[in-house]
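Below is one structure, written out as structure tokens, with a few remarks after it.
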């Protein structure tokens, strides 16, 4: 593995981001954690593949870790990136394991290359050539992956921290208004994944320093600041350290920081939308319009020549260039996005219920002679109801699929594979070039259309239902918080404010709050009722709001300013999402129009031009057979090839453009499933009719 020096992920020189004392406390903490992990591995012993892997890791550590510790200066950048990525392994352990993995992977695949080359070429020379090419390609590639992966992971963490930091600072400011000091706020953020998972990890580093080594808060902040991949968080920690040093009040500082982050988020959203607008216009011009025009031009040219490589060129556009351009656009859109993706919110831990079906059964058994027949019947009904309320395996699976629609692929992928196997074995349809050429529309519908529908429809329905629910909840949250803030401004408590805005016949959020109000009527505490609501809704924004409100209400009970702060943040986020959807609508319409134009041109070719080409070819063949000289029109293309290419081009564009539309409007490729399925169906029907 090369020891080439690179810059750390945040752009700072390696000497500044990584050249720290190897005995610093965070390294000691990491080593202690690793020792515990090693003891756990030794206790697990030999357990199949896991046992082999543990022994492999141990062998790598023993073989090379000391070498990398002795040569840390040569690898200080990778060391820093491993630290920023927050791997469980230290820098020397990661490098040792990466080296072992590179060697094992290269040797294994080289053997495969030798065998494959020998089978394909049928001789010693092809086998040697296959081995050499695999050795060089895999060796170089795996070394690059091993070196760049920590940087990639650190970059991912930096993006997530930067997205989560505005909400974290808002939470810190709200808690400071509730009377909490900076040490308590830092500890609270460290244990609050609802505020931001990666931000919580960074603050856990601070609390680990304090709790493990007894250092002061300022020193712990310095240690974490040096290791974080986020420039924004590093700047915040710098200012926190300065505030501690000058003994200033933390409230005004956090207020200014919260406003700065809100302003910056607005600027980032505006900049992102401008960038995506420009990229979308470029994509529409070069890929959508340019691709259609180039395919049409090449088809017309081929009708006046003798085939040649033009069908191959069209195939490259259809099967390679358009998908690659679409994937590149989707990835760029996602990487640049300042919006937090919709993910399952962490659940709050709740106390065990005081009354369970088991406890009711014990009451009946212990006091069988003490209850009347009516009381026994009531207790039995209560026990049956509590037992029925338990989640069965089927209920848990349904809930998991509802929260993570992609899990439906566990069932649909094997079903699609079995379906394709039946088609192939029975001879009804063959997913081969000859099969597509013999019956372009039927084979494509059976082999491509049906699998796409089977895979996409469950995800499409579940994603749409889930995301629309969350979008509705988040759009209602600012108004509800604003009303609650006005109520608490007059000195009313949070529970009274919730009771005032809760409505059984109101919108979704008001109905959920009505459930909270009813629970409080039956002696459930406000914090438990709110946490139960959050666990039901499973929305990150709701979970953050509940976490802050519960803590602030417990601390002082005065939550007016806290509600105002949360309202400002969630309203800004809701407005940004709405602006995004409005801004992206013209580009989505452009994708739809571009696809429609391609379909019309393809229909013209398949319905009019290609039949004429076939007729001319038949007439020329008959004339030639009769000894008549036609003068040579030059028409000699394979029309079946063009039917397949144009039909597949329509389907591929449906998938690419639909996925891009979902990413542009909702930040989720699967939300474009409706356009994908519609495009595939329209393409197959159009080509089938003509």
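A Cβ is built for glycine as well, from the same backbone N, Cα and C atoms used for every other residue.
Here TrEMBL flags 1-47 as region 'Disordered'.
Annotation comment: TrEMBL describes 14-26 as compositional bias 'Polar residues'.
Residues or ranges marked as compositional bias 'Basic and acidic residues' in TrEMBL: 27-47.
The transmembrane segment annotation in TrEMBL covers 102-121 (among others).
What TrEMBL lists as transmembrane segment is 127-146 (among others).
The domain 'Type II secretion system protein GspF' annotation in TrEMBL covers 171-296 (among others). Mapped onto DSSP helix, strand and coil, the domain 'Type II secretion system protein GspF' (171-296) counts 107 helix, 0 strand, 19 coil.
TrEMBL lists 283-301 (among others) with the feature transmembrane segment.
Positions annotated as transmembrane segment by TrEMBL: 313-336 (among others). Within its own chain, the transmembrane segment (313-336) has Cβ neighbours under 8 Å at 159, 272, 275-276, 279-280, 283, 286-287, 291, 294-295, 298-299, 642, 645, 648-649, 652-653, 656-657, 659-660, 663-664, 667, 669, counting only residues six or more beyond its boundaries.
Among the features that TrEMBL reports, transmembrane segment is placed at 407-429 (among others).
Within the same chain, residues 401-402, 405-406, 408-409, 412-413, 415-416, 419-420, 423, 428-431, 435, 643-644, 647-648, 651, 655, 670, 673-674, 676-677, 680-681, 684, 687-688 sit at least 6 positions outside the transmembrane segment (441-462) and bring their C-beta atoms closer than 8 Å to a C-beta of that stretch. What TrEMBL lists as transmembrane segment is 441-462 (among others).
Counted with DSSP, the domain 'Type II secretion system protein GspF' (481-606) comes out as 106 helix, 0 strand, 20 coil. Sequence annotations record features per position, and here TrEMBL assigns domain 'Type II secretion system protein GspF' to 481-606 (among others).
Outside the transmembrane segment (590-610) by six or more residues, the chain places 280, 284, 288-289, 291-292, 295-296, 299, 303, 639, 642-643, 646-647, 649-650, 653-654, 657, 660-661, 675, 679, 682-683, 686-687, 690 with a CB less than 8 A from a CB of the stretch. The annotation transmembrane segment is assigned in TrEMBL to 590-610 (among others).
Taken from TrEMBL, the feature transmembrane segment applies to 672-689 (among others).
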Worksheet item: Excluding the flanking five residues on each side, which residues at least 6 beyond the ends of the transmembrane segment (672-689) place their CB within less than 8 Å of a CB in that stretch?
Response: 440-441, 444-445, 448-449, 452-453, 456-457, 459-460, 463-464, 591-592, 595, 599, 602-603, 606, 643, 646-647, 650-651, 653-655, 657-663, 665
